[in-house]
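Peer 1: If you look up TrEMBL, you'll see Glu442 marked as active site. Among the features that TrEMBL reports, Zn(2+) binding site is placed at His441, His446, Glu482.
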Amino acid sequence: MVDSQYYLPNDIGVSALDCREAFSLLSPREQMYSHFLSRAAWYGGLAVLLQTSPESANIFVLLQKIFRKQPAAELEPVAMAAGLTSEEYQAFLVYAAGLYANMGNYKSFGDTKFIPNLPKVRVLLLLKTNLRQPGEMEALWDSCSSALFSLEGKQKQLGLGSKGITTYFSGNCGLEDAELAQKFLDFQKLSAYNTRLFKTEKGGKMSYEVRLASAVKSGTGETRCGSFSFEDQEFTVKRGDYAQIMERVCHYLEEAQAHAASENQTKMLEGYRRSFTFGSIDAHKEGSRFWIKDKGPTVESYIGFIESYRDPFGSRGEFEGFVAVVNKAMSERFAKLVSSAEVLLPELPWPRDFEKDTFLKPDFTSLDVLTFTGSGVPAGINIPNYDDIRQSEGFKNVSLGNVLAVAYATQKEKLTFLEEDDKDAYIKWMLPSFEMQVGLHELLGHGSGKLFVQQTVGVTSWYRGNETWDSRFSTIASSYEECRAECVGLFLCLNKLALSIFGHEGQDAEDVVYINWLYMVRAGLLGLEFYTPESSSWRQAHMQASFVILRVLLEAGEGLVHLEEVAGADGRPDARIALDRTKIHTVGKSAIQRFLCKLQVLKATADVAGGRALYDGYSAVTDSGPHDFLRLRDTVLLRKEDRKMLVQANTRVQGEAVELVEYEGSAAGLIHSFTERFQEDAEQLEADLLELSKRDSPFKPCKATASSSGANSQG
């Protein structure tokens, strides 16, 4: 029997992301602008298949061909007639929906592989009922079926070298290759964000290919390409990664330009188009500068290679794009927070010299998402991620209101590890407290703090040349920064001004603070699901950050946090975590204050050794000390609940108007949304994806054997 963490349960939550009212309030021009931006984002999001695993693109094409021929409802009686049970068919639908929702066969939140929760022979039986072109479908199945079911060794999770699977690097790359490549990129003043690295052997000597994401494959452009010698190694920089995908992205961005509302939007899209045409991060930065200047648009968007969470080295960005409509009522609160930032920032516990010289007031809006592509949908965003722009020109913050309302809602019976007395208050105040935490986290967490880029009195280290936060702190950068931002949120949520901005006064304010802190310590316990003991590694940046904060608050002592292992009502192992609300403003605040100051000082001064020692120390999961966290991890896995999947609408042009097409909140609805999303050039798109996948095939980490796939196929 396969461990439940490697498949998605039949009863997994699936919810439709509602944006009908927000979309209906847009003008025809704004709707058309939103439509073409969404098309660009959806096509760009297909690059994530190639950024996730060697087999993801082939599985995606296989599923598209199955469900384009017969929608889920029509396929069901055929599957039943072929001998599948209703549970097996639902398991197949859930797997397909999971592949679409995560843009690959590894969970976007946790980086764990998931396989179908039915035997391989049963999937093949279903496939044979759907053979429109037997030779083509059988070849497609043969190309991905072994990897689709394999849980062999490192294929269980994403990672670099022996720690897991990655397609940001060829399968023969290790940490030393990633470090060498980063040095080369820094020397060439090239960003890693839109690159992948492939290593080959020529005449007994290793050579490296740095591949840039671009529509053009050769010729002159904005990024320096060619062959270079660096530290006795040969490097070649080439364009053309995801070329057919990037070409479509550029086409739809050009269409969107015709409906832009301002010169800033036009120049923004032009910068993005140049970036995706030639593989130029400098062009993307230029577009991002105009995006920052585009204050208060009705339709907000961003697109590119953005977050580096899933690159095992922490430098390469996953493709992401979103299109959303501003929620004006909720945005007023965030505007007040921005206006109060210069009052709240001095409250943070680091010396004044470690804060930005000038706080560049950003846009901070609450959005109802129309489209969000990539491997997952977050609750809030602080972008762009370019350190030089953030420090000297500014950034934007967004809170995704309709995502918060759906993805983070919970039921009392599903609340694990809390005392019964806490559950009603948790359900009542969780969303208001989380909304506040997101606001503080994004604006004053990610938006605070200075990076020293030259020697300053009293500072012994700093960022030199082309070095960035990501390139220096690499593998811990994402989680470390999320932890810093979470600590800012916990610290500033104790501030009465911050509470009042979000409408919380008196006892209600105290309840919001309590649930915000309780949410964080519970998240720290839940985070153990995302730790892999075999490689002593964390698979999710935010959950590692929560665990670190739990460790800090447990270490504070004085009864602030109480964590114990118990037997559940079902007789199986369970745990209880409790927080003494009377000690949050004293013991808790002091602990976070000290820790947060350390995080910022080490980050600001590029003290990688000190930062790693601090962060790795609190990240350690052991069976020694007052808490056996390895045993608690088993308990967390026993009682875990999978994250919801979100069904997003499509848009389509009907004459001069744009129609919003919605789908039911179910696995079948999610599948239907994807088959309709790419139907206009389905055959050519699928051929292009298979060609791109084939181009990468010589660099696969390993080939799953028949015996290994069979052993894990539940047959």
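Cβ coordinates come from backbone N, Cα and C, glycine included.
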Peer 1: Looking at Cβ-Cβ distances, which residues of the chain lie under 8 angstroms from Glu482 (Zn(2+) binding site) while being 6 or more apart from it?
Peer 2: Ala541, His542, Gln544, Ala545
Peer 1: Identify which of the binding-site residues His441, His446 has its Cβ surrounded by the largest number of other Cβ atoms within 10 Å, counting every protein chain shown.
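Peer 2: Its Cβ has the most other Cβ atoms within 10 Å: His441.
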Peer 1: Can you name every residue in this chain, apart from His441, His446, Glu482, with its Cβ inside 8 Å of the center of the Cβ atoms of the recorded Zn(2+) site?
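Peer 2: The surrounding set, listed in chain order, is Asn382, Glu442, Gly445, Glu481, Arg484, Ala485, Glu486, Val488, Gly489.
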Peer 1: Inside 10 Å of the Cβ of Glu442 (active site), count up the other Cβ atoms and send me the figure.
Peer 2: 28
